[in-house]
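Encoded as structure tokens, the structure appears first; notes follow it.
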Amino acid sequence: MLLRYITFHREKVLYLAIACFFGIYISFHDACILVPAKVGTNVTLNAVHVHDGDYVYWSFGGGGANRLMCRYTPRLDEIHKNTNRSFSCLTNHSLLLINVTEEYTDYYRTMTTFVHQSHNWHNHGNKWTLDTCYYVYVTQNGTLPTTTTKKPTTTTRTTTTTTTKKTTTTSTTTTTTTTKKTTTSTTHHRHSNPKESTTPKTHVELHVGLGATAAETPLQPSPQYQHVATHALWVLAVVIVIIIIIIFYFRIPQKLWLLWQHDKHGIVLIPQTDL
């Protein structure tokens, strides 16, 4: 029965699958919070909107059960089985990366399931989930790569060549001198003279997330801003899915085409209905 329905409504099923894939793509490609870090320091990543009793999960990379690091349900569990990184799960639901190296450069995600009743004022209710993503970028000096403007310089080199030809005969001696031929070539060389970039002062420990100091991470958006952006993306995805379903379920493009043919040729065409 399902196969028969898909056969007769394959266009609708295809459009619906594309819309679902688009919604999933938006969900998994939210902009992550950028966290620059210096080799040998500690980095603290904070969960947002967390109360006692809420369920919090920390994972790295693409996430999933095999990459869990911390689990608060609400009892705290640290999972070091599938990771070679030194970290600690703090009692305030934060993740502490200890003595980071360049191998720590990765995505770190926190998923919070709201259980506490205090979330009802925000219309979240129970079992509502909030995802937050961080991208920790570890370098030797703790700064992001910057591009510098090159100032070219030009040097000129001139080469002069002179040719003299002398011809002599037996009866009459005639000396012929050709005109001096000078060839000048100019070659341009570019030399880069980049300006030296200044390295900002680093800190022993970097705190990121709700309540963190903004001076250490000037490029980092606030978690509240990411929360609003996630809501907006989901609303946009739902609206797009609804529009696509309405357009292709009621066959609006086909009906517009038939109306145009009727006005052009004066022929009444009856659209084929589904079986």
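Backbone N, Cα and C atoms are what each Cβ position is placed from, and that goes for glycine too.
Per Swiss-Prot, these features apply:
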| type | residues | note |
| --- | --- | --- |
| SIGNAL | 1-31 | signal peptide |
| TOPO_DOM | 32-227 | topological domain 'Extracellular' |
| CARBOHYD | Asn42 | N-linked glycosylation site |
| CARBOHYD | Asn84 | N-linked glycosylation site |
| CARBOHYD | Asn92 | N-linked glycosylation site |
| CARBOHYD | Asn99 | N-linked glycosylation site |
| CARBOHYD | Asn141 | N-linked glycosylation site |
| REGION | 145-200 | region 'Disordered' |
| COMPBIAS | 146-186 | compositional bias 'Low complexity' |
| TRANSMEM | 228-248 | transmembrane segment |
| TOPO_DOM | 249-275 | topological domain 'Cytoplasmic' |
Cα distance (Å, whole number) from Asn92 (N-linked glycosylation site) to Asn141 (N-linked glycosylation site): 29
Alpha-carbon spacing, Asn42 (N-linked glycosylation site) to Asn92 (N-linked glycosylation site), which is rounded to whole Å: 17
Integer average pLDDT (0 to 100) for the topological domain 'Cytoplasmic' (249-275): 65
Between Asn99 (N-linked glycosylation site) and Asn92 (N-linked glycosylation site), the C-alpha gap once rounded to whole angstrom: 20
Sparsest Cβ surroundings (other CB atoms within 10 Å) among the glycosylation sites Asn92, Asn99: Asn92
Fewest other Cβ within 10 angstroms of its own Cβ, chosen from the glycosylation sites Asn42, Asn84, Asn141: Asn84
Spatial separation of Asn84 (N-linked glycosylation site) from Asn92 (N-linked glycosylation site) - C-alpha basis, Å: 23
